[in-house]
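Participant: Have a look at this one.
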Amino acid sequence: MSNFPFLSVLTVAPLVGALVVALLPRHRPELAKQVAFVWSLLVLVLSVVMWVSFKAGGDRFQFRESYSWIPNWGVNFTFAADGIALVMLMLIAVLVPLVILASWHDADASKRSVPVYFALLLVLECTMIGVFAAADVFLFYVFFEVMLVPMYFLIGSYGGHQRQYAAVKFFLYSLVGGLFMLAAVIGLWVVGGKTFDWQALSQVDISTGTERWLFLGFFLAFAIKAPFFPFHTWLPDAGGAAPAGAAALLVGVLDKVGTFGILRYCLPLFPEASKWFAPWALALGVIGIVYAALLAVGQNDLKRLVSYTSIAHFGFIGVGIFAFTTQAGTGAVLYMLNHGLATGLLFLVVGMLISRRGSALISDFGGAGKLVPVLAGVLFFAGLASLALPGTAPFISEFLVLIGTFTVNKPVAVIATLGIILAAAYVLWMVQRTTQGTLNPALTEVDGMRRDLNLREKVVVAPLVALIVLLGFFPKPVTDVINPAVQATMDDIGKTDPAPSVGGTVQEAAK
Amino acid sequence: MTELKLPSIDYAAIAPILIMLGTALLGVLVEALVPRRWRHLVQLTLALLAVLAALTMVVLNADERIITAGQALAIDGPTLFLQGAILVLAAMALLLIGDRTVERGGAFVAQAAVTAESADDRRQAEGRNGLTEVYPLTTFAIGGMLIFVAANDLLTMFIALEVFSLPLYLLCALARRRRLLSQEAAMKYFLLGAYASAFFLFGVALIYGFTAGIPGRSAGVDFATIHAAVSESPASPVLLFAGMALLAIGLLFKAAAAPFHVWTPDVYQGAPTPVTGFMAACTKVAAFGALLRVFHVAFADANWDFTPVLGAVAVLTMLVGAVLAVTQTDIKRLLAYSSIANAGYLLVGVLAPSRDGLSGTMFYLVAYGFSVLAAFAVVTLVRDADGEATHLSRWAGLGRRSPFFAALFTFILLAFAGIPLTSGFTSKFAIFGPALEGGQAWLVIAGVLTSMVLAFPYLRVVVMMWLSEPGESTPTVTVPGGLTSAALMIGVLATLVLGVAPAPLLDLATGAAEFVR
C-alpha cells in the first residue's frame, strides 16, 4: 500500500469532485451538497489510510512521486510529505467535510448558485492539499497562488457585510506577498542551478548576501499569509466577512501555509539567514501575541474577535519556530494542528450563533445560554480550548512552545506567557457577554435563537470536541510523527538543543 | 561602366512575405472587379487562405538559416518563429475583423468620407455593410510586419515599418461608431508615427556615417557592417550613440514604451476593437522582433552602452503602464495601459543577453498576443444600442447576466495578473528568469513591484463583473457568431495551454533562438 500515489491522488480527487459538483444542475442544491460531502468523506478515508501507512520512524520524506512537467525549467510534479505536512494534510481532510456539513444552509441565503459554493470549497481543498504535498518549489508556488482564487470568490460572492472590500484586500495582500516570493523563487532557481527540487536546493551553498535577500522574499510572503504583525490587517476583514465555514478553513488551514512555508522553505533552504533574522522574527511574534490579544479584547464583532485571537496564536507559532529548539518546534507544529481544530471549532460555533441571531455583534447577544444551552456549552468549550486550558490539546502545544523558548530566550518566553493571561481575558469576556448573564430580551424575539443544536450541527462539533480532548490527553501519535521532521529541520539549520542542566547534575552524581 | 550585379534571392525562403503582399494586391483588384455583395466573403476567404498559405511556407522553411536578397533579409530561427506568431495572431484578428454577426454590417464604417455625426453618418451606422478595403489593408500590414522581423539592414527595416504602419493608420480611422474618436485616433497615430519614422530615418543616416571609414569595408547599414563598425570604426562614438538613440525612439514608439507611449490609449480606444486587438498582438510582435534583431545582432557589442538606458526605459514603461492603468475607467484604455506595462516586461526580456532571454521574450510575445486578442474579442461582445459599452461602470454585474463570457474574461484578467496555470505566469517566468541570470536583478524587482500595482485594476474589473449587482444600464452580452467565438476560444485555450503545458512552445522558441549574422 505504501507504493500507492497517495499525494497526487489526494490532490486531484477534490478537483474532480469540484467539477462534478459544479456541473450538477443549479436547481438541485441538495444533491450538490450531498455529493460534495460524500466526496470529502472519501478524501478523508484516503487520508486516514495514508496516515496509517506513514512510517513514523522512517525516511523524512515519504510517499515521494515525481513526474516531469516543464523540462525546460526543471519543473516537476514532485510530491512528498514529511511529518509536518502529513499532520496538516490530516487537518485539512478532517476539517473540510465538517465545514461542508456546517455550511449546509450558508449559500441558500445568497442569491448565488449553491452548487458553485460547494465546488469552490472542494477546489480550495485541492489547492490546500497541493500546497502541503508539493516538494517542488515551483509547484508549491503554483498552489500557493492559485489557492487565492477560490477563497477570493468564497469571500466575495458568499460573504457578509463588506465582502467586496474584504475579498479584494485579501487577494491583494496575498498577491503582493506571492510576487515577492516569485522574485525569490526565480532567484533561488538561478543560484541553485536551474532546479526546483526541494532536496537538491537544500544542498546548495548560497552566498550570505543573496541568502538574506532570498530569505526575505520568502519570509515576507509567509508573514503576510500567516499573518504576523504588522502584515495582519487583512485577516480580521477577511475573517469577518467570509462565511463561517470558509473562515474556519481560512484561519484553520490556509494561514498555516505561512508557518508551514517558514518551516519547510525558509529554515532548511536559508539556514544562515534564518539565524540572522531570528531575533526580528521573534520580536514580530511577541508583538503579535500581545498586540492582537489586546485588540481582540476590544472587539464587538464575534468573527473579527476570533480572527484577532488567531493572529495572537500565530505569534506563538512564530516564536516556537524561531526559538530553534526541538521542543519549541514540535510545539509550534502541534500548535498549527491544535489551532486548526480549536479555532476551526470556534469559528463554526460562532457561525451557528450568528446565523441564528442574524447579527455578529456581541452587544446583540447576552444570556444566550438560557435559550440554547448546548450551543453555549460548545462555545464555552471552544473558548477554553482556544485559551489553552490544561486538558485540551492547545495547552500541550502552547506549553511546549513556552518551555522550548524559555531554555534559549527567557525574556521572549516571559512576555509570551502574558499572552495566556490576555487570552483568558478575551475568551472569557466574550463568552460572558454572549451566553452568560441576564437574558437580552431582544433575543427571545428572534425565532432562530429558540432552536438549539440540531443533529447536523452536533455531528459537526462532536468530532472536533472529541479530537481536542483526545489530543489533550494523548498527543503521542501526533508528536511521534512530528518530532523526527522537526528534528531534521533543526539539523538543517545546525541548531542543537541546549543540554538540560538537570541532566548534568545527574551525570555528576553518577560519578 | 561597372556591371550591375543582381543579388541572388531565395524565393522559397521569402515566400510568406511574397504571398501576403501578393494577396494584398489581389485584394485591391477584388475591390475593383468583384460585385459589392460578394466582396466581403471573397476578401475574407482570400485573406485567411493567404495567411494559411504563408504559415505553411513558414513551417516548411523551419530549418532555413540564411541571409538572402543581398544583405536585406535574414531568414533564421527568430524570423521564422516571429513570422509564424504574427501569422497565427493575424488569423485570429482576421476572424474578429470579418465578423458581421455581433454588429450588423461589421465593426467598420460603410463610408469613411461622410461627415462624422451627420444624419448620413447615423444612417450608415444602422447596419449598412462595412468597407471591404479593410482586408487588403490588413494583408498589407501583415506583409510589412513579416518583412520587419526579417529585415537585416536598416533601410529594409524602415521600408517595412512604413508598409505596415500606413495601413494601420487608415484602419484606425474606420470604426463604424464614434467616428470622431476614431478619426482623432487615426490622426494622432499618423502624426506621431510620422515623427517616429523620421527619428528612425535620421538614426539610420547617423549610423551610416558611423560605419564609414572601417578599413577594408564600405559603409553600409546592413547589420554585419554595423556590427563590425561598433568595434572597429574610427568615427566618433557620438555618432553611434545618437544613431542608436534615434533608432530606439522609432522602434520604442511602435512597441508603445514610455515615454513614447502617449498615443496608445487614445488609439486603442478610438480604433475599431478588432483592429485594436490586431495592433496589440501583431504590432507588438513585429516591433519587439525588430528591437531584438537590432540590439542583439547589430549593436550586440555595444550592450554596455545601451543596457542602462533601455533598462531605465523599461522601468519607466512598467511604472507608467501600471500606475496609470489604476486610474482608468474605460476598459479599452485600461487594456491599452496594460499593454504599455507589458511592453516594459518585454523590454526586460530584450535586455537579458542570453539565448534563454531571447526565447523567453518570443514566448512572451506569443502568449500575450493570444490573451490580448481574446480580451478584445470579449470587449466587442459587451454592447448596448449604441455599440460597445466600454465604460467600466457599465460592466457591473456582468457575471450575473452572462456568466460564461464573464468567466472567460476573468480568466484572461487572471492571466494578465500573472496567476499560475495561465500563460501570463509562465511568460513572466520565462522573462524574469533569464533577466535575473543576466544580472538584471533591478529590472526583475521593478517588474515584480509593478505587477503588484497592475493586479489592482484587473481585480477591479473582476469585482465589477462578479461582486457588484447588475445595474439597469448593464449591457447585454451579444452571443457571438462563429468567427468571433473561434477567435475567443482559441485565445482562451492558448492562454490555458501555455500556462499548464508550456514545454512544447518553449522548446520551439529555444530551438529558434539564434540569429544568423
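Note that Cβ sites are derived from N, Cα and C of the backbone, with glycine treated the same way.
As annotated in TrEMBL:
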DOMAIN    B:151-452  domain 'NADH:quinone oxidoreductase/Mrp antiporter transmembrane'
TRANSMEM  B:12-34  transmembrane segment
TRANSMEM  B:41-60  transmembrane segment
TRANSMEM  B:80-98  transmembrane segment
TRANSMEM  B:157-177  transmembrane segment
TRANSMEM  B:189-210  transmembrane segment
TRANSMEM  B:238-263  transmembrane segment
TRANSMEM  B:275-300  transmembrane segment
TRANSMEM  B:306-327  transmembrane segment
TRANSMEM  B:363-382  transmembrane segment
TRANSMEM  B:403-421  transmembrane segment
TRANSMEM  B:441-467  transmembrane segment
TRANSMEM  B:479-501  transmembrane segment
Participant: Check the transmembrane segment (B:441-467) against the transmembrane segment (B:479-501) for contact, please; criterion is three or more CB pairs under 8 Å, pairs 6 or more apart in sequence.
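Facilitator: Counting Cβ pairs under 8 Å, fewer than 3, so no.
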Participant: Of the listed stretches B:157-177, B:275-300, B:306-327, B:403-421, which one has the most C-beta pairs under 8 A with the transmembrane segment (B:238-263)?
Facilitator: B:306-327
Participant: Hey, which of B:80-98, B:275-300, B:306-327 has the most Cβ-Cβ pairs under 8 Å against the transmembrane segment (B:479-501)?
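Facilitator: Highest pair count goes to B:80-98.
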Participant: Does the transmembrane segment (B:275-300) make contact with the transmembrane segment (B:12-34) through 3 or more Cβ pairs under 8 Å, each pair 6 or more apart in sequence?
Facilitator: no
Participant: Taking a Cβ cut-off under 8 Å, which residues six or more beyond the ends of the transmembrane segment (B:41-60) line up next to it in the same chain?
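Facilitator: Counting only partners 6 or more residues beyond its ends, the transmembrane segment (B:41-60) has Cβ contacts under 8 Å with 12, 15-17, 19-20, 22-23, 26-27, 30-31, 34, 80, 83-84, 87-88, 90-91, 94-95, 98, 132, 135-136, 138-139, 142, 146.
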Participant: Can you say which of B:306-327, B:363-382, B:403-421 has the most Cβ pairs under 8 Å with the transmembrane segment (B:80-98)?
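Facilitator: So the stretch in question is B:363-382.
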Participant: What residues in the same chain, six or more past the boundaries of the transmembrane segment (B:363-382), come closer than 8 Å to it by Cβ-Cβ distance?
Facilitator: 82, 85, 88-89, 92-93, 96, 99, 102-103, 107, 273-274, 276-278, 280-282, 284-285, 288-289, 331-332, 335, 339, 342, 345-346, 349, 388-390, 394-395, 398, 405, 408-409, 412-413, 415-416, 422-424, 426-428, 430-431, 475, 477-478, 480, 484, 487-488, 490-492, 494-495, 498, 502, 505-506, 509
